[in-house]
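Scroll down for the structure; my scribbles are underneath it.
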Amino acid sequence: MTAEMRRSSGSFSVPIKNIERELICPICKELFTHPLILPCQHSVCHKCVKELLMLNHDDSFDAGSESSMPGSPRSRVPSPSMERLDRLVRSGSISSPGWRRGSVTPRVTAIPCPGCQHDIDLGERGISMLFRNFTLESIVERYRQAARAAVAIMCNICKPPNQQEATKSCMDCKASYCNECFKLHHPWGTPKAQHEYVGPTTNFRPKVLMCPEHEMEKVNMYCEVCRRPVCHLCKLGGSHANHKVTSMSSAYKILKEKLAKSIHYLISKEDQVRTQITELDRLINQTEENGQLAERQANEHFERLFETLQERKSEMLRSIEQSRNRRIDHLKGQVEEYRGMLENSGLVGYAQEVLKETDQSCFVQTAKQLHVRIQKATESLKTFHPSADPCFDEFVLDTSKEETLLKEMCFGGVPDPPLIDLSHSRVYNEASICWRLSDDHLPTDHHVLEYRKLGGPSQSPSLVDDGVWKATDRVFGSSAVVDGLQPDSCYAFRVRSCRNSIFSPYSPEVSFHTPPAPVFSFLFSDECGFSTERLILNNRRDAVESVAGMAFLLAAERVQTGSYVGLDYIIGDTGISQGRHYWAFKVEPYSYMVKVGVASDTKLIEWFHNPRDTSSPRYDHDSGHDSGSEDACYELSQPFTLITLGMGKLFIPKASSSSSVSNANVSSGDPGNRVLPMPQRLGICLDYDAHRVYFYDADSMRCLFERQVDCSGTMFPAFGLMGSGKVQLEEFIAAKKLTF
């Protein structure tokens with residue numbers, strides 16, 4: 001092991017300086033210090049995880065608890081050694097920073113992952129459930145050594161000034177030694193001579209990785225569901241009891257081979273990578289140049305706008321100024337005229353002086369025109385009118401339209417076409433179509449969704465086009481709902497964006513097939529046949545999960561043969577008594593065994609009250625066994641009409657006189673050909689009046705299997721689970737029920 005580590009260290013001595021970007025914590029932006037592996041497989045420094053928890057729970061603890069807490073981001077006290085931290089973590093002392101026993105504040109241990117931005121629930125034990133990433137620690141240590149190069153690791157035993165450079169580090173003693181001190185503390189023939197030693201290092205990792213949930217147990221298996229190492233207790237009765245696990249050696253071999261092949265592939269494509277890097281560099285330069293050109297052009301347009309606005313501003317202000325001066329001159333002239341009417345001033349004073357003239361001819365000569373002026377002044381007193389209007393209403397400027405245009409001003413290029421998101425779009429009686437835009441798209445004004453009918457029952461969508469495109473109203477979001485769709489028909493959808501009255505090209509057309517019947521809405525029932533010991537129902541009652549608990553182990557004395565099978569059943573809370581109805585759901589791929597179909601209420605009563613041992617597989621007539629007897633009495637005794645899914649497969653039941661297999665590539669007689677890949681979503685259609693049930697691939701609406709069913713009474717959607725498994729109703733199926 002030591003030789004391998006030394007070889008690894010030697011192989012990384014040259015290129016390790018180039019991998020710094022992989023050794024930086026996404027939170028503190030520094031080299032990892034005691035990194036922990038989050039459930040999403042991203043690594044974060046130990047202190048950074050604690051700080052995230054403290055920030056998320058800032059309201060649940062006071063300043064006193066912060067200052068007394070080791071490693072608090074506010075107190076910034078030196079953090080203790082990792083060994084002491086591990087002891088504190090395992091004891092639960094710091095599993096959730098800021099939470100105290102007896103506190104009325106609920107302890108929440110969910111944090112956002114800085115790598116993938118998903119919320120990570122650390123569970124009740126908090127960071128105590130996280131593994132230390134010892135491999136990453138070792139790489140960081142080798143990087144530090146390569147970075148400091150000339151800085152040597154000194155012997156921990158020698159004392160200055162005669163302290164020697166360390167030549168070995170003991171992983172058991174967790175100390176570094178020079179040659180003389182190592183011989184002194186590890187004498188030949190003693191147990192210490194068997195200690196594991198490596199080259200000088202400051203990173204002392206434990207020799208064996210221990211289980212964080214069971215402190216005294218070594219991890220020796222790998223959970224493929226959770227993607228983390230586990231111990232045998234985790235598999236026997238812990239949180240991984242129902243998960244698929246493999247041996248650590250097998251996981252090590254498989255993952256190492258995959259990683260080695262991936263690295264070899266990248267190395268073999270080095271020339272291609274360099275060519276693509278050159279192309280990307282060219283695109284970066286081109287993007288920089290085009291961006292600068294676009295900035296200059298936009299700046300020129302705005303400068304022209306500013307110049308135009310400035311010209312208009314000057315012209316309009318000049319008009320206002322001229323009008324103002326003209327009005328003021330008129331009013332001032334009128335003021336002077338009126339001032340002349342005053343006694344001993346102006347016109348009145350002049351007239352009084354004229355009256356003193358005694359020569360008649362001279363008086364008449366002057367007084368005639370003066371009398372005309374006096375009459376005008378007298379009339380102006382009787383009807384006073386200002387010579388100018390002080391109001392400037394005609395000069396009020398309304399810029400609301402221009403402001404709106406400026407706010408709506410955008411680039412005149414054609415918008416990029418949107419892309420319909422198939423993973424989030426669903427079509428039932430109504431179509432909920434979602435789309436997304438490119439990452440660097442500019443804001444759009446609205447979108448228009450168009451659709452048309454391609455074909456109906458038993459028609460090929462590629463050959464039949466009996467509909468014209470119909471458009472929805474303007475859509476200002478990224479999704480739209482189209483109602484009024486006909487059942488068992490194929491519809492095509494496309495969408496385009498509009499910006500500044502310019503439409504983008506249409507998105508690629510996508511087609512969806514509507515279900516063969518109206519949607520049947522229901523939730524899971526927590527009454528009839530529901531096992532609270534092994535089935536977990538969420539709060540919305542639209543998802544059920546099967547887990548193996550203590551009750552399953554306590555019933556172990558019932559297991560007498562290797563064919564023991566236990567199914568836990570749950571049904572819908574709403575029944576069907578007439579018509580055609582369709583519902584869809586998803587079975588998680590990791591599910592061990594799930595049976596889905598329909599059940600009659602009369603047969604349900606018989607089933608759940610029959611004292612026979614229902615754990616025996618001989619009473620499960622659709623168990624997938626190849627005995628042949630199960631189909632003979634299926635229609636007489638079986639209260640369920642079910643098909644089986646599990647381990648990523650769908651098992652087509654054997655055909656009887658009342659059943660048929662709709663897939664031409666599947667032979668109902670050959671057991672190997674009766675196994676299909678599990679659809680991502682499964683749909684069931686019950687025709688109550690025709691006494692027939694159909695099973696569909698809900699994505700392609702391809703009928704996989706159909707069978708005659710005895711609809712005596714009310715029929716219910718039925719589900720049976722064994723081992724680990726989960727069933728999730730489609731949101732559209734449960735949504736209408738939840739809103740009632």
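Cβ from N, Cα, C; glycine included.
As annotated by TrEMBL, domain 'RING-type' applies to 25-51. On the 0 to 100 pLDDT scale, the domain 'RING-type' (25-51) averages 83 in the predicted structure.
The region 'Disordered' feature in TrEMBL is assigned to 63-82.
Per TrEMBL, the feature compositional bias 'Low complexity' maps to 67-82.
Among the features that TrEMBL reports, domain 'B box-type' is placed at 206-248.
Residues annotated as coiled coil in TrEMBL: 270-326.
DSSP assignment over the domain 'COS' (355-412) gives 35 helix, 0 strand, 23 coil. The domain 'COS' annotation in TrEMBL covers 355-412.
For 414-517, the entry in TrEMBL reads domain 'Fibronectin type-III'.
Sequence annotations record features per position, and here TrEMBL assigns domain 'B30.2/SPRY' to 502-738.
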Secondary structure content of the domain 'B box-type' (206-248), with strand meaning DSSP E or B:
7 helix, 11 strand, 25 coil
With helix taken as DSSP H, G or I, strand as E or B and everything else coil, how many residues of the domain 'RING-type' (25-51) land in each class?
6 helix, 7 strand, 14 coil
Mind checking how the domain 'Fibronectin type-III' (414-517) divides into helix, strand and coil residues in DSSP?
0 helix, 43 strand, 61 coil
